[in-house]
């Protein structure tokens, strides 16, 4: 549905108030908004790689870019820094993020590659930005903090560390926002490649984007089993969310960075955004950052 190609399209969220899909292109340093009504993409350029975007209750967005949390005012394009983190790790940047059921913004970091396929290990962390702008570190020694979501009963937090090739489930205290007691939920099979972004549906099942696997898989957290596979027409599938007026459509982002010229020539859809219909399941609305 979005032909405008993204170097690293990520973190799609459906914004009901705009009837639009909001997402980031990490490597182009842009926050984007696509309207299905006009089929146009608007974007705001920022001064660092932007890993994630989330809705703010009072309008506009909260973003995680470089190693800082910030607010983005869409109309003025102003970016206001809330807090700088990890200033001792100049090679780190924020990656995926999402707002929890109580309006706190969870986002994690990762080390950038220093050469193709080369990165320092266990440099990332997972943080929570509270509505009062205070921050706590939830996890340390993460490789690539990635997809995240919460169970429908708000008692479990799901998180992906991409280089672990796995989805983990944590106990989650909705009152304090704290996570604890990680358990392995699902380890990806070889042909599924590496897990990236993730979202939950209205039946409490998880959808995981498989980067370099060209697919999104559906996992049942009760059994830890894969129950569905949706194949996409390009390999670097990065994330997914539900949207549309009744949340029955799945939007899937992709990337073309990381593909060599020979592969790119064979992959005309790399970097585009796809809409999947007919899944027979709906998603749930996004949470808003409560400040």
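Every residue gets a Cβ built from N, Cα and C, even glycine.
Database features (TrEMBL):
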- 196: active site, proton donor/acceptor (ACT_SITE)
- 10, 146, 196: divalent metal cation binding site (BINDING)
- 93, 95, 113: substrate binding site (BINDING)
- 8-255: domain 'SMP-30/Gluconolactonase/LRE-like region' (DOMAIN)
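Those same-chain residues not listed among 10, 146, 196 yet with C-beta within 8 angstroms of the centroid of the divalent metal cation site C-beta atoms are 11, 95, 96, 144, 147, 160, 162, 197, 209, 211, 238, 239. Taking the C-alpha positions, the distance from residue 95 (substrate binding site) to residue 146 (divalent metal cation binding site) comes to 6 Å. Highlighted in sequence order, 26, 49, 51, 92, 109, 110, 111, 112, 119, 144 have their Cβ within 8 Å of the centre of the Cβ atoms of 93, 95, 113, the residues recorded for substrate, and are not part of that set. Residue 113 (substrate binding site) is surrounded by 12 other CB atoms, counting those within 10 A of its CB over all protein chains shown. Recorded residues residue 93 (substrate binding site) and residue 146 (divalent metal cation binding site) have their alpha carbons 12 Å apart, per Cα-Cα distance.
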